[in-house]
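Shown next, in structure tokens, is the structure this report addresses.
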Amino acid sequence: MNIGFISLGCSKNRVDTEVMMAALKKAGHRIVNSLERADLVVVNTCGFITPAKEESIEAIIETAELKKKGSLQFLIAAGCLSQRYGRELLLEIPELDGVFGISSVSSIAGVVNRIAQGERVCFTEATPTEYFEKGHRILTTPPGSAYLKISEGCNNSCSYCVIPSIRGKLRSRQINELLNEAAQLLKMGIKELVLVAQDTSAYGHDISPQSALPTLLRELSKLDGLEWIRLMYLHPLYLSDDIIDVVAYENKVLPYLDIPIQHASSKILKLMHRRHDNSHLRTMISKLRARIPNLTLRTTVMLGFPGEEEKDFAELYEFVAESQFDWLGAFSFVPEEGSKAALLPNQIEDEIKAERKDKILRLQQKITRQKNLARINTQEKVLISSQLSKNLFVGRTYFQAPEVDGLTLVKTDFKLTKGDFVDVQLVGVRNYDMIGEYQ
């Protein structure tokens, strides 16, 4: 059977998609890039917030149109939306032939076989309690780079978030298992591993009180052929001195940290159940900049949380201005069904949320531009990912994470190989991107 995929949401979901693709290929199916050629399509959904749910449902309904044209026979909804709503999705969307949760994505082949025999399938567990995935993956990332999901689930209880109720409690993967997967990825030509989880810094907390992340990073650093290790989704509360030391002293661990702070007002952070305050964030950032040379910091902030007054927004704005993050993502609070924050008083109007988000993003745009301008006339190692034209390639430096940050456009008269590193002279800036030359 020809099977196509639509993968929505975060990088963790992308990894699940890659595991499902490999499992189906192993079972004898063909993975196709064109949905028009597919007999069956799997839409791997996101159920984190309402806009993501709406995008997922829209993708399912749009794909269902292919069934009416006769080119598509079967349609499966997988991922967080399916895990969250289960059989309700089957009832609401009659075009669906199956709903598949997140508890064991490598078992997708059995579900596909049941659907092919005419059964409508709902395959979910109430709350996943184990981490099952140990199989191979078909990579969907650009050459040279891959995500490594080190754990599943989350033990935090942020008041705006429903992920623990969907993905379950924290389940860390064994270090040997991760090292084996990393070795497989290196054999496929991977040179950068991007470590992801719901909470990367909490890796190992379900096994012992101490984070096992420093040990994992040191072991990964011993692998021949691996050049970059990048850390994403670090919680400010668990960023220990041991983690900082590894980032500072292990050459393969990039001086790049993605630390979503969500807010800088102690009042709002308390309402969010983040368990740290403004003072903790200031101390953390000062320590990081003092101990890690050439550090790149990325963060995420939320605007319009219930009870966010002008003074709270002003505190966040001032904090962003002072902290000088290299990259920043911003999104407006959504009162998510099932979250504690949805029931809080003093909900903020959408117009005010949008205004505050726009102000923060305009501030960050100026900061990022100034930081990029300061990089002109420096030389950086660039991982080449694609080619735009005969003399123009696209890649990333250590200070640019895949999918979320800017890129580096490389001008050259040479033929560069995708997935290779080259030393590039940075000569200009275009929006959020760098312009470089390779001679």
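Just so it is clear, glycine is given a Cβ too, placed from its N, Cα and C backbone atoms.
Swiss-Prot annotations:
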- 1-117: domain 'MTTase N-terminal' (DOMAIN)
- CYS10, CYS46, CYS80: [4Fe-4S] cluster 1 binding site (BINDING)
- 140-370: domain 'Radical SAM core' (DOMAIN)
- CYS154, CYS158, CYS161: [4Fe-4S] cluster 2 binding site (BINDING)
- 373-439: domain 'TRAM' (DOMAIN)
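Non-local neighbourhood of CYS158 ([4Fe-4S] cluster 2 binding site): GLN262, MET272, HIS273, ARG274, each in the same chain, at least six residues away, with C-beta under 8 Å from its C-beta. Long-range neighbours of CYS161 ([4Fe-4S] cluster 2 binding site) (same chain, six or more residues apart, CB within less than 8 Å of its CB): PHE48, CYS154, GLU336, SER339.
If you count neighbouring Cβ atoms within 10 Å for each of the binding-site residues CYS10, CYS80, the highest count belongs to CYS80.
CYS46 ([4Fe-4S] cluster 1 binding site) falls within neither a helix nor a strand when secondary structure is assigned with DSSP, and so counts as coil. Cβ crowding, taken as the number of other Cβ atoms within 10 Å, peaks at CYS154 among the binding-site residues CYS46, CYS154. For the domain 'TRAM' (373-439), the number of residues in each DSSP class (helix H, G, I; strand E, B; coil) is 1 helix, 37 strand, 29 coil. Here the domain 'MTTase N-terminal' (1-117) has a mean pLDDT of 94 out of 100.
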